[in-house]
Amino acid sequence: MAFVDQAQIEVKAGKGGDGIVSFRHEKFVAMGGPFGGDGGHGGSIIFKVDEGLRTLMDFRYNRHFKAQPGGNGGTKGMTGASADNRVVKVPQGTTVSDADTGEVLADMLENGQELVVAKGGRGGRGNIHFATPANPAPELSENGEPGQIRNLKLELKVLADVGLVGFPSAGKSTLLSVVSNAKPKVAAYHFTTLSPNIGMVRLDDDRDFVMADLPGLIEGASQGIGLGFQFLRHVERTKVILHLVDMSGIEGTDPYTQYRKILDELQQYDETILNRPQIVVPTKMDMPDSEENLAKFRKEVATDSGLPIQPEIVPISSITRDGVKDLMRLTADMLATAPAPESYRPETKNDTSEKSYTFKPETHDFTVEWIADEERWLLSGAEIEKLFLMTNIQRDATIMRFARQLRHMGVDDKLREAGAKDGDDVRINNSDFVFEFSE
């Protein structure tokens with residue numbers, strides 16, 4: 001199965017049910033008054049973490065998620081049925097962002113964690129809510145509020161305890177297949193691994209951890225070259241890094257040069273990655289020149305003052321299994337004390353860190369535009385369009401209420417400033433109205 005780690009989808013919450021206009025008609029109840037009920041709430045779209053999922057494959061074939069609308073209100077003040085929320089399961093480790101603004105909405109880390117990504121519209125109010133001493137029998141009601149619509153970007157970063165990094169053909173897939181139940185593709189050519197493979201490693205002392213074989217890295221990856229960012233985003237979440245370096249030299253490559261290039265790419269992408277526990281793993285020690293190359297490599301590491309830390313070096317041969325058990329034990333020891341990556345620690349309920357909030361005063365953003373070829377004004381804006389959709393245009397009373405709401409928002413003044421005259425056509429959301437300015 002391919003590892004799909006990015007997807008873009010659309011979510012559409014359910015519209016609220018419409019409120020209705022109704023009056024109480026009962027024997028012996030004089031002037032019963034308004035009795036129209038409210039609409040039910042529309043269903044929301046909720047993401048929920050399911051630790052059993054491993055990829056975003058499902059979102060490749062289903063990119064549109066829609067919740068049901070709420071039921072309309074009834075007579076006798078009865079409220080319409082609220083729609084069920086639609087729960088969409090996502091893998092553990094999914095980052096959810098708004099595709100239009102780039103805002104990160106949440107990092108879905110904990111099994112069972114939920115996030116409302118599109119809120120269902122509230123039900124419209126029935127005429128029972130609009131009675132006043134001046135108007136005891138109102139013919140006013142609201143349509144349901146539109147459900148929220150969002151374009152979302154999903155990005156899955158591997159949640160593994162240990163990440164295997166290194167140049168292509170360094171032996172990452174072979175090591176994973178030896179120490180775990182994973183069956184990655186292994187072949188004698190570069191970039192055999194194009195997507196992460198994950199395996200569970202279990203030691204003789206019952207310690208276990210999750211290991212990920214990440215796609216091979218090349219120079220320039222921090223600028224997106226090769227598999228670039230697709231590789232590096234997964235490294236961010238690993239607690240311990242095993243840096244595999246090919247000691248065979250069969251392709252004329254210098255092990256230490258390759259090692260430094262990988263470090264440079266990690267540092268350019270995110271320098272904090274280099275502060276994590278790391279083991280350098282010289283591989284293919286069963287090859288003829290490997291011992292000589294290892295001795296030279298150790299000397300170069302020891303004399304390099306530019307290294308962030310002097311790493312542990314554990315040579316292995318995945319073919320003969322030499323050194324593999326020692327490597328896994330040392331890895332488990334490091335994991336026991338390794339902290340979670342700082343940027344991905346889930347916030348705890350007892351978090352007492354100071355938070356700041358910004359007050360945003362209410363604004364009425366809308367635009368007025370003259371469409372010359374149609375000889376009409378175009379009035380647009382999210383708030384205006386929402387108010388219009390919640391207006392029952394079949395009833396004069398609700399249209400008059402909508403006109404008052406627009407006047408309160410400053411629409412009349414804005415139209416007059418733009419040059420609108422009495423009798424001009426004004427279009428709102430594909431419906432036309434006649435402009436009449438009121439002082």
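Cβ from N, Cα, C; glycine included.
Under the three-state DSSP scheme, SER169 (GTP binding site) falls in the coil class. The GTP binding site annotation in Swiss-Prot covers 166-173, 191-195, 213-216, 283-286, 317-319.
According to Swiss-Prot, the feature Mg(2+) binding site maps to SER173, THR193, an assignment based on sequence analysis.
Here Swiss-Prot flags 344-354 as compositional bias 'Basic and acidic residues'.
Taken from Swiss-Prot, the feature domain 'Obg' applies to 1-159, supported by sequence analysis. Averaged over the domain 'Obg' (1-159), the predicted model reaches a pLDDT of 91.
Feature annotation from Swiss-Prot assigns domain 'OBG-type G' to 160-336.
Marked as domain 'OCT' by Swiss-Prot: 358-439.
What Swiss-Prot records for 338-357 is region 'Disordered'.
When the Cα atoms are compared, LYS284 (GTP binding site) and SER173 (Mg(2+) binding site) turn out to be 13 Å apart. Fewest other C-beta atoms within 10 Å: among the binding-site residues LYS172, LYS284, that description fits LYS284. DSSP labels the residues of the domain 'OCT' (358-439) in these numbers: 30 helix, 19 strand, 33 coil.
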